[in-house]
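As structure tokens, the structure follows; a few thoughts come after it.
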Amino acid sequence: MLELLAQTALNATYAASYIALVAVGLVLIFGVMGVINFAHGELFMLGAYAVVALYADLQLNFMMAVMVGLAFVGCVGLLMERALFRPLRDNPLGGLVASIGFLLILQALVVMGFGVRMEHIPPVTQEVIAFSDRVRFPLSRLYVVVAAVVLLTALWLFLKRTRFGWALRASAQDPEAAALQGISINQTARIAMFIGAGLAGVAGALTAPLVSVNPLMGHSVIVTAFIVIIVGGIGSLEGAVVAAVAYAFVHTIVTTFYDGVIADIVGLSLMLLVLIVKPHGLFGTAERA
Amino acid sequence: MPRASAWTLGWLALAVALVLLPQALSFSQQEILVFLTINVLLVSSYRLLTLTGEWSLGHAVIMGVGAYASALVTKWTGLFVPLSMLVGALTAAAVAWVLSFPLFRMKGFYFLIGSFAAGEIIRLLWKRFQDPFGGAKGLKRIEPMPNLDLGFHHFDFFLPTNYYYFALVAVGICLWLMWRVERSPMGLAFHAVHWQDKLAQASGINVRGYRMLAFVLASGFAGLSGALLAHYIGTINPGSFGVEQMVFILTWAIVGGTSTFYGPILGVVVLTILNEIVLRGMGFEQARPLIYGFILILSVLFLPKGLESLVQGAMARWRVAAPRPAPVEREKQA
């Protein structure tokens, strides 16, 4: 029993890592631009396909493929900012609808390029850290955890210690006052979008060898991310991380003892429960827009 | 000609055109006409929901609730199909009523995502429970509409034309009801809740109550559209009411516009014609999600008030270009 719990905790830690990367990106985009990016799951999917193209097909180095995935998806984020969210800045619902349109386009393009079938990606490493006979943690999962911790710490330092970070947080708090202080709203939006999309992309790239990669994989990712950001409070980065960990543990435990679909239902129900008790999420303050 | 009789003539002409329409179409086009009729009801019910200013992402699933309920009721009890469709509609309304307690604690984005999550829970329940929902494969061989002999015409509802007439009557009645609702004091309250919710509240209007009422009513009509669909195609599964269907509803409503009654109907008609004639006719059927995605983005960016704004603009211009002779007549009478 103890071993089972330990194993579940390890699995949950891995799940929490990539969920946190996705959710933090989503929160960052919402905080700075005031729009819910419905295509965020598809950005994750694009990151995974970057690894399919570069690592599985072209046989490049895995780390290299992940880096390119991050940069590429970040640039897709810049495209979204320029083409969709900037013209629709005064229309948050419009931004959300446009991102749904963009989601369809990304899915269709990937179907055209790669087909609808599941992609096979050779494992990066077969090595397993064995704590005991029944408690084992594959090294490839540890990579994801380490990458998430490093990236999120870097983001935190960036936001709290650099001028760009200050500007970003200022425009998240009050865009007009920030603009009056000489902060370029367009530039902070670009930075937030690049980072937010890049985090989704890197999460997709890192987990690509560990999950089933197909053009529709973004759906479950965005559902999970929504649960996490709602529970954490839509505007709160810390809330997103805490909620990601909590959700990952609940989901993994229920999956272990029942099955995955029940775990999804439990997760969604918990989210509704949180909303009933605290309509702005556990860490949320007030609603924006 | 007096205005009132011009309207009557216009409606009569539309009715005759709608009755004759299937004669001009091929068999497969007649089938699409049935779907279009059902979708008109679906998207109009969605507009009823948006009247109070809340946009739901659970509407496709609510439609599915009506479909599942009606299909299961006929399977278990053998109830007369049109009656079971009403049961389906009532079930959808009841489910919406239950959901509205958690959902209407939220507003705006929280409501949007909350409704999406609530819908996903229902869809996962269908997927998970083989009994009674049939799991991921869904329900098959759903009881069809029984044949009907009216003396002058024998209605075999396997034929799309006949089912189209049935759906047309049902949808026509529903549209009339929705129109009446919007014109009633209740409808005015919906608008007040949307545009002036603080003022409405101060005037003693129960804002949350009216939001719930609009949601429940809209869900009932959506449930009926689902039931109409289920008994026509005979097979439904959780995938039929997923994100893709929701995106279609959203696209129709946004491309058409939601500030007028005819806006969403215009949207679904134009997009269906575009889809069937342009895409399928030219062999672009595979690219449908791609093209819908572009249409959604382009209409949000460049036609944010929808196709209805084009109609309104054209009508305004027409009125300016052709001033009515009314003032002259009034002078004569004087």
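Glycine is no exception: its Cβ is also placed from the backbone N, Cα and C atoms.
Annotated by TrEMBL as transmembrane segment, the relevant range among B:2-19, B:56-73 is B:56-73. Where the transmembrane segment (B:163-179) meets the stretches B:32-49, B:56-73, B:79-101, B:108-126, the count of C-beta pairs under 8 angstroms peaks at B:32-49.
Residues 54-62, 64-65, 68, 95, 99, 102, 133-135, 138, 237-238, 241-242, 246 of the same chain sit 6 or more residues outside the transmembrane segment (B:108-126) yet have a Cβ under 8 Å from a Cβ within it. Sequence-distant contacts of the transmembrane segment (B:246-278), counting only residues of its own chain at least 6 positions beyond either end whose CB sits under 8 Å from a CB of the stretch, comprise 29, 32, 35-36, 39-40, 42-44, 46-47, 50, 57-61, 119, 178-179, 182, 284, 288, 292, 295-296, 299-300, 303, 305-309, 311-312.
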